[in-house]
Structures are given as C-alpha cells and as structure tokens.
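Feature annotations, courtesy of TrEMBL:
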type	residues	note
COMPBIAS	288-300	compositional bias 'Basic and acidic residues'
DOMAIN	1-286	domain 'Major facilitator superfamily (MFS) profile'
REGION	288-320	region 'Disordered'
TRANSMEM	40-66	transmembrane segment
TRANSMEM	102-121	transmembrane segment
TRANSMEM	141-161	transmembrane segment
TRANSMEM	173-189	transmembrane segment
TRANSMEM	195-215	transmembrane segment
TRANSMEM	235-255	transmembrane segment
TRANSMEM	261-281	transmembrane segment
Amino acid sequence: MRADNSSTICVCRSVRELGIAIGFLVPPVLVPNVEDRDKLAYHISIMFYIIGGVATLLLILVFIVFKEKPKYPPSRAQSLSYALTSPDASYLGSIAQLFKNLNFVLLVITYGLNAGAFYALSTLLNRMVIWHYPGEEVNAGRIGLTIVIAGMLGAVISGIWLDRSKTYKETTLVVYIMTLVGMVVYTFTLNLGHLWVVFITAGTMGFFMTGYLPLGFEFAAELTYPESEGISSGLLNISAQVFGIIFTISQGQIIDNYGTKPGNIFLCLFLTLGAALTAFIKPDLRRQKANKETPENKLQEEEEESNTSKVPTAVSEDHL
C-alpha cells in the first residue's frame, strides 16, 4: 500500500483547469464580434449546442466508468479513514466538526479569496483587455488560455515538490505570496500598450494563482483527516463561488466607474489579506501522520518506551 501521491492528485485536479482553458480559447472563435443580432444569436446557439453535447457525453461516461471508491485503498491513511468512518455519521455533523477546526476555517477563507480573485479576473479579462486593446477579443481568449495552461504547469510542479518535501503550509504560503506579486505586476503593466507584455505577466500570475487551486484541496485533506475529502472540498468550492460572485460584481463596478487599475488593486488588497491569514495556519498534517503510523513503527515505539522505563531502575541499582 503506497503513500498518498500529491503530484498525481494535483495533476488530476488540474485537468479541470483544462476545461477552463478551452473555455477561454473556443468562445471567441465560435462567437465573433458582429453587429447583426441574428448572426450573433446563431453563433451563440451553435456554441451552446456544442457545450450541451459535450456535457451530455461526460454525464454518460460518469455513469458508466466512475465507481464510488477503489477496490483497494490507495494508502494506509485512506484505509484507516474507511475504518474510522461511522455509517451513522451525518453530513451536517461532519460540517460542524470541520468548522471547529480553526486551521481549516482559515484555509476556507484564504482559498476563497484566491479562487474568488481568479474567477473575477477570468470573468472580466475580456473587458479589461478590450478596454486597453480594442478589437483584440481573440487575443483576450488566448491570454486567458495562457493563464490556465501556466497554472496547470504550476500545479504539477507544486505536486512534485509536495511529494518530496511534505511542506504543505510553506508551499501554500510561498505560492500565495507569488500570486500577489504576479497580480501587482499584471495590474501595473496592463496599460503599457504592449500585448506581449500582458501575455508574459498574465502567464506568470496564472502559474501561481491557478496553480494554487489544487494545492488548497491537498492542504485541506491534510488538515481535516479523517473527515471526508468530499466535504472539505465542497466547502472550499462554496467559499470560492461566494467570493467569486462578490469580487466579480464589485470589480466590475469599479472598472466601469474608475478603470481597470483600481479594479485590479481591489483584488490585490484581498490577496494580501489572504497571504497574511495563510501565515497563521498551523501545518497539522494528520494524513501524513496516519501514513507513518505503521504496525512496525508502533512496535518500535513501544519497545523504545519499554527500554526507557527500565533505564531509571538500572541506574538506581548501579548507584546503590
């Protein structure tokens, strides 16, 4: 039975970002910027038919291929989690238990701030690019694609690093700080008039911002073990959606009234708050501890404790 492979999990979760990347690239191609409403409606309907077909195919594959859980637990920690899970445990009871975990609550907030900033940036990216570079709708989609592809690469590299170092808190904090730095650089270079600069700064920001998303799920699984990862992941997603809605509406209003730079500074302020709160999260890696608690380790610890308890007696006899 092998240990949890963070790089594999980060790769699997970053596949979701591939769909977002396609979403940036394809719509500007399928729906051109035309004045005729009838033609615009036609192109939009074609795009919706394609999305509906793909979603239906994926739904069928879920019913056919997916299983509730693997035949054999992928790790000792997962095996212990199955054994510790009570059949009478309630969903609301698990949520209440998770919210008693201060470290997880801080992670829910910080993850929501980061993911919410990403959702707002993704939603308003086309508007911000067109504001400074009129007629560049297709390149706006390519910039979004660059952000997500760079983030997928960042997620894979972070996963490999976690496998080797197990430094969940440190890695999460560094990636968060670099996300803030990337956002600041993007904010002050967007209006320079050079589109290639926007590609570079947006890609650098995406490497850390999008790469942080699977890291948050992994850190949550460590902090909340042996609770269900589905519940902790769901709470992280709820936080991301709530902050995403708030940030998108707020930043949109700021852009309309004051411009793109104040709108991006608005996100920078909340990313600063998120980085500060991340520093207060204690790295209570419960899943890693469960993986290390093998029967051989326990027997060795018991023998060491037994030998330690005999030492004072032997010393006192020699002294006498």
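Positions of Cβ are set from backbone N, Cα and C atoms, glycine also.
Curation plays no part in TrEMBL annotations; they are all automatic predictions.
If one looks beyond the transmembrane segment (261-281) by at least 6 residues along the same chain, the residues whose Cβ comes under 8 Å of a Cβ in the stretch are 103, 106-107, 109-110, 113-114, 116-117, 120-121, 124, 128, 169, 172-173, 176-177, 179-180, 183-184, 186-188, 190-191, 219, 223, 247, 250-252, 254-255. Between the transmembrane segment (195-215) and the transmembrane segment (102-121), three or more CB pairs separated by 6 or more residues in sequence fall under 8 Å, so the two stretches touch. Most Cβ pairs under 8 A with the transmembrane segment (235-255) among the ranges 40-66, 102-121, 141-161 are made by 102-121.
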